[in-house]
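This report refers to the structure that appears directly beneath it.
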Amino acid sequence: MSRIESITITPIAFRDPPLLNVYGVHEPWALRTIIEVHTESGHYGLGETYGDTQTIQQLRSVAPALKGLDIYQLNSIRQRIQDTIELPDPDAGLEIAPGTLGATTVPRIFSAFEVACLDAMGKITGRPVYDLLGGKVRDRVDYSAYLFYKFGRHQFTDDPWVDRWGEALTPDQIVQQARKMIDEYGFRSIKLKAGVFEPAQEIEALKALRAAFPDHPLRIDPNGGWSVETTLSLLSELDTELLQYLEDPAPGQSGMSQVSAATPIPLATNMCVIGDFHLRSAMEQNAVQVILSDHHYWGGLKATQDLAYFCKVWNIGVSMHSNSHLGISLMAMTHAAATIENLSYACDTHYPWQDEEVIKGGKITFTEGAVEVTDAPGLGVALDQTALAQLAHNYDTCGIRARDDVSEMRKYIPDWKGTVPRF
Ligand code: GKR
Ligand code: MG
């Protein structure tokens, strides 16, 4: 009865504000894929992952091979994916290091199905996903206010939609954005996405945030946008009073390790440690003191727990970063985070930037910056088929097939490069 009868894979698109980062600017639509795993017993489980063409093709290519497998046999499901997935062309430039294509592809594809199977298991047994992961150690998972520099509206679209956040291009506007987000969601930590303006201006914004929110831990994340030399020259402006951690200031483990040797501020990453194959060299070089997991590419919720154990053994911090996402991903993050005893910091979420939802009941609410861990079966969310159909229609008509912040920024600045480091 717990065998997989069918899998439905639905690409979706939802509106996304013009958020700025080191690579460029978010396009008007963000893409995701919703996965429904249906069992022979008539139950279903939900997963949510990236919505680029390559991911959709990979999900669709392995789905038929999973039919008939038992949702409880996650190891067999992973093995089947590994055996059947066609890896991208190694010459396409997608490999991070020789031999890593499988090491990055299989966890990314498995994760989407793992979450859906865990959700189905929970719905069948009447247990929340956190119970299937060993039980919760907290009732609420804290998230941070994730601030972005942004334009007031998208300039190159016929869609009249304008987001509710307004322009944020100056330190004062960033403080206003923080205030609005904290007022609405109650967040108790703040992250500033950086790498957009000259570092001095971004540090001015950090200092303005510190003055406006003296008790909120702060982080800044230039996404590798500062060179090692630039980062070293900025360290006299940064200290552990201002920053809880410094996220990916410079690109690569070697660059991070040079910065790390020069500052007591913990360095965090979701860029230079993105899989098991990166762990050894990162520890050997003392490149990072905090690893930010992302279950969507680390290989799922159990793999996130494994990463947390690794961090415990090495006595380093662990938390989570995010990309544009909806409620299925938020609840998957929340259930995993609820089970991780050594979760060291509030997790990031893009969730406030999205108005749309694909789950029944609409947007998930935050209380004092946290998501309550639900005791409902599975992830505790159900699919709203009408909303799914609308978002699938958006995907069909939006014309975007993979996130491309660089090309979007070239519409504003034709000679925009979008390479790192920028400063
Ligand atoms: O959405 O622009 C963005 C973020 O920069 C995202 O792509 C990153 O993956 O939020 C992420 C991060 O922490 O680096
Ligand atoms: Mg980051």
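Here the Cβ of each residue, glycine as well, is placed from N, Cα and C on the backbone.
In the three-state DSSP scheme, Lys193 (active site, proton acceptor) falls into the strand class. The active site, proton acceptor feature in TrEMBL is assigned to Lys193 (among others).
Taken from TrEMBL, the feature active site, proton acceptor covers His321 (among others). Every protein chain shown contributes to the tally, and the Cβ of His321 (active site, proton acceptor) ends up with 23 other Cβ atoms within 10 Å.
Taken from TrEMBL, the feature substrate binding site covers His26, Thr100, Tyr146, Lys191, Asp221, Pro222, Asn223, Asn270, His321, Ser322, Asn323, His350, Arg403. Mapped onto three states, the DSSP output places Arg403 (substrate binding site) in coil. Listed in sequence order, His26, Glu27, Ala30, Leu31, Asp52 are the same-chain residues at least 6 apart in sequence whose CB falls under 8 Å from the CB of Arg403 (substrate binding site).
Annotation source TrEMBL lists domain 'Mandelate racemase/muconate lactonizing enzyme C-terminal' at 171-266. Sorting each residue of the domain 'Mandelate racemase/muconate lactonizing enzyme C-terminal' (171-266) by its DSSP state yields 47 helix, 11 strand, 38 coil.
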**Message:** I'd like to know which of the recorded positions listed (His26, Tyr146, Lys193, Asn323, Arg403) lie near ligand 2, counting only a CB under 6 Å away.
**Reply:** none
**Message:** Can you tell me the CA-to-CA distance separating Asn323 (substrate binding site) and Lys193 (active site, proton acceptor), as a whole number of Å?
**Reply:** 12
**Message:** Measuring Cα to Cα, how far is His321 (active site, proton acceptor) from Asp221 (substrate binding site) in Å?
**Reply:** 11
**binding-site residues (Asn223, Asn323), the one with most neighbouring Cβ atoms at 10 Å** = Asn223
**substrate binding residues His26, Thr100, Tyr146, Lys191, Asp221, Pro222, Asn223, Asn270, His321, Ser322, Asn323, His350, Arg403: largest Cα-Cα distance, in Å and rounded to whole number** = 30
**Prompt:** Non-local Cβ contacts of Tyr146 (substrate binding site) (under 8 Å, 6 or more apart, same chain)?
**Reply:** Lys191, Lys193, Ser322, Asp348, Thr349, His350, Pro352, Trp353
